[in-house]
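S.K.: Handing you a structure now.
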Amino acid sequence: MSLRNTYTSYGWLAKGFHWVVFLGFVALYGIGFYMGTLPVGPDLFAKIGLHKSIGIIVLALAVFRLVWRFINPSPDLPEGMKWYERLGAHGVHIALYGAMLIMPISGWAMSNAANFPVSVFGWFTLPNMIEPSKAAVENLKAFHGTMAWVVLGVIVLHVAAALKHHFINKDNVFSRMMPFSKEDA
Ligand code: HEM
């Protein structure tokens, strides 16, 4: 498998970014929803700490992934796709890249607004982004919470499109993002 993408398939670095970020999102949603069921106490604070640490790792990966995306373009979409399908695919990908940046950054700002530091697994602490403010906490909480559902909707669309390519269109769009696919160079 080559490092770089080709015209027909993703290279191992793009696939690695895709599936590690996917695992990050699974963990963030899992822990995020679980946090909502916990009473205020040490267990909740531990889970919030974990959620924040994973979120910042996803943010860092998203930055590297975007840089890699610019210097190593993605494979072409299949020729037969209609213009609105292409527009939809690109729009959803842009929205997902936006989500990888906006979700962690809004969480980081929310934490600082509530006067909590953002530490990544206790290895280091990020600088404070904004001054403590009750109003900012409320606004950022509403934004982060609403966007979590919007992004989940976009992910569902993305997965549905990937499955449609595989089972209905029967093209290689799904398999070329899979580890060890037969499209690998
Ligand atoms: C079960 C879950 C998922 C499946 C089956 C899946 C599948 C795929 C496939 C097949 C592609 C390649 C599309 C193409 O060849 O043009 C792709 C691309 C992409 N996926 Fe996913 N995906 C999943 C989850 C996610 C998640 C959670 C995110 C981010 C939050 C994500 C973000 C992206 C992005 C940004 C691209 C575009 C890559 C590029 O720049 O070309 N995916 N996905």
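Each residue, glycine too, has its Cβ placed from N, Cα and C.
Those TrEMBL annotations? Automatic predictions, nothing curated.
Pasting the relevant annotations from TrEMBL:
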- 10-179: domain 'Cytochrome b561 bacterial/Ni-hydrogenase' (DOMAIN)
- 12-36: transmembrane segment (TRANSMEM)
- 48-68: transmembrane segment (TRANSMEM)
- 89-110: transmembrane segment (TRANSMEM)
- 147-168: transmembrane segment (TRANSMEM)
S.K.: Give, as a single whole number between 0 and 100, the mean pLDDT over the domain 'Cytochrome b561 bacterial/Ni-hydrogenase' (10-179).
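M.R.: PLDDT averaged over the stretch: 97.
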S.K.: Same-chain Cβ contacts of the transmembrane segment (12-36) under 8 Å, 6 or more residues past its ends?
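M.R.: Those are 1-5, 44, 47-48, 50-51, 54-55, 57-58, 61-62, 64-65, 68-69, 72, 74, 100, 103, 148, 152, 155, 177-179, in sequence order.
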S.K.: So if I exclude everything within five residues of the ends of the transmembrane segment (147-168), which remaining residues of that chain have a CB under 8 angstroms from its CBs? That is, six or more out.
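M.R.: Long-range Cβ neighbours of the transmembrane segment (147-168): 25, 29, 32, 78, 88-89, 92-93, 95-96, 99, 102-103, 106, 174-175, 177.
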